[in-house]
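Here's the structure we're looking at; comments come further down.
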Amino acid sequence: MSETRNVPKPSAGWGRSLLGWIDARFPLTKLWKSQVSEYYAPINFNFWYFFGSLALLVLVNQIVTGIFLAMSYQPNAHLAFGSIQYIMRDVHWGWLIRYMHTTGASLFFVVIYLHMFRGLLYGSYKKPRELLWILGMLIYVCLMAEAFMGYLMPWGQMSYWGAVVITSLFGAIPWVGSHLVIWVRGDFGVSGATLNRFFALHVVAIPLLLVFLVVCHLMALHEVGSNNPDGIEIHENLDENGKPVDGVPFHPYYTVKDLFGVGVFLIIFAIIVFYAPTLKGIFIDPINYKPANFLQTPPDIHPLWYFTPYYAILRSFPNKLFGVTAFMLAIVVLFFLPWIDRHPIKSVRYRAPCYRILLLAFAATFLFLGYIGMQPATLFWQKIGLRMSEIYFLFFVTSWTYARTPSNRRLLVTFALSLAVILWIDWRFYLPSIAALIWWTLLIPLCYLILFYLVPLLWPGGMRDRSVPTRVTLR
């Protein structure tokens, strides 16, 4: 009878042992599987789906470079501007860290705007992703607050006067406006107290809120699943194992694809940082290289490019209260988009031709508003800005109209009401003084209304949606 010998089992590597030790105390592998390796995404993600991961990359860049800048920055009205020069000239690699931070701020908004436009293209704000859209909008508002407060940090001429103008807008609020301005500034004017207050919010409070909202956004995304260019829910078509037929695991398929997007983005990022950090005054205003002067107002005060569409809306109205209201409404209305556009078809691929033209017109309007916001505050640009602002808001009115299979009567009634509101605004604010400019610029919203409300009456095919496939398409 042969003797049985105990053969020792091969020992697990130290990495696997460490992972097992962690998993026994924290669900690391479980989280990795549920959120990455076993999270199924649609198989037809395209170019537009790079920007979510790129936004996360830029957020990390802003946090890391911001920490290093805070080590040498002095949040003091007498020392702030000099500390920026110290970082740029005397701190080792300080110039690189600052340019990475300033370039990152602008590119953050580039990828966020493209990410939001992707949501508009493919209806990512519609059921069941309404909360996902709202969380994304909250992130956007936090980014705007973070960028505005960070813009004051250099304590340059444009930084200072930009803060004066923007904080004074709170004064337009009836009854409590003057008290609110003092509370926001921490003083009767923009001063060292304002700088300290903004520094604390910019470095601590808002980044914490931003990270929290990003985590909530990702959790909501993984709960309802990712949308796709066809706007079809892949979880409604499962195989025998309960996996989406038209889905693939996020890792390794989309992690590799995102790494390609990250590589291209980093090349563009490096070119800007090393060769054009100011980008001809678009990323860093030349006036901001001068220290803040309380006694000399710049000839033209405007924010950086990512705020200029809303700034153009703000200054389109001579009445300050109406301007502030329109400015706030332009942002708030985006929160309600899931309930404004309740059309059953999500993706623009299958919407009617008129809606596709409408969406392109909205994107062009937003870009043109950004250009207008960079121009001098002359009467001409103010009036053109008003016309573009009207078209901006008409997009939401038209989206609401198109979402409900519009009849001829509904199109005509909406056309008449929209034109009446535009004429009332002209009469209320401009007609007595610039009648000639009023009438020829009126052609802009009038052509818009004719295109999207009267042309469909003569072209029924323009309001006809395409049939939506039952499975996602690879195109």
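Sequential numbering from 1, following the chain as shown.
Heads up, the Cβ atoms here are built off N, Cα and C, so glycines get one too.
Noted in TrEMBL for the protein shown:
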- 18-230: domain 'Cytochrome b/b6 N-terminal region profile' (DOMAIN)
- 47-72: transmembrane segment (TRANSMEM)
- 93-116: transmembrane segment (TRANSMEM)
- 131-153: transmembrane segment (TRANSMEM)
- 160-184: transmembrane segment (TRANSMEM)
- 199-221: transmembrane segment (TRANSMEM)
- 240-414: domain 'Cytochrome b/b6 C-terminal region profile' (DOMAIN)
- 259-276: transmembrane segment (TRANSMEM)
- 321-340: transmembrane segment (TRANSMEM)
- 352-372: transmembrane segment (TRANSMEM)
- 384-403: transmembrane segment (TRANSMEM)
- 410-431: transmembrane segment (TRANSMEM)
- 437-459: transmembrane segment (TRANSMEM)
- Task: Using a Cβ cut-off of under 8 Å, list the residues of the same chain at least 6 residues beyond the transmembrane segment (410-431) that approach it.
- Result: 317-319, 322, 383, 386, 390, 394, 397-398, 401, 404, 437-438, 442, 445-446, 449, 453-454, 456-457
- Task: Mind looking up the mean pLDDT for the domain 'Cytochrome b/b6 C-terminal region profile' (240-414) in the predicted model?
- Result: 93
- Cβ pairs under 8 Å with the transmembrane segment (199-221): which stretch of 47-72, 93-116, 131-153, 160-184 has the most? 131-153
- So what's near the transmembrane segment (93-116) in sequence-distant terms, Cβ-Cβ under 8 Å and 6+ beyond its ends? 48, 51-52, 54-55, 58-59, 61-62, 65-66, 68-69, 72, 84, 86-87, 136, 139-140, 143, 147, 150, 265, 269, 272-273, 277, 279, 282-284, 304-306
- Under an 8 Å Cβ to Cβ limit, what residues of the same chain, 6 or more beyond the ends of the transmembrane segment (47-72), are close to it? 83, 86-87, 91, 94, 97-98, 100-101, 104-105, 107-108, 111-112, 114-115, 117-118, 121-122, 203, 207, 210-211, 214, 226, 229, 254, 257-258, 261-262, 265
- Any residues 6+ beyond the ends of the transmembrane segment (259-276) with a Cβ under 8 Å from its own? 50, 53-54, 57, 96, 99-100, 103-104, 107, 111, 283
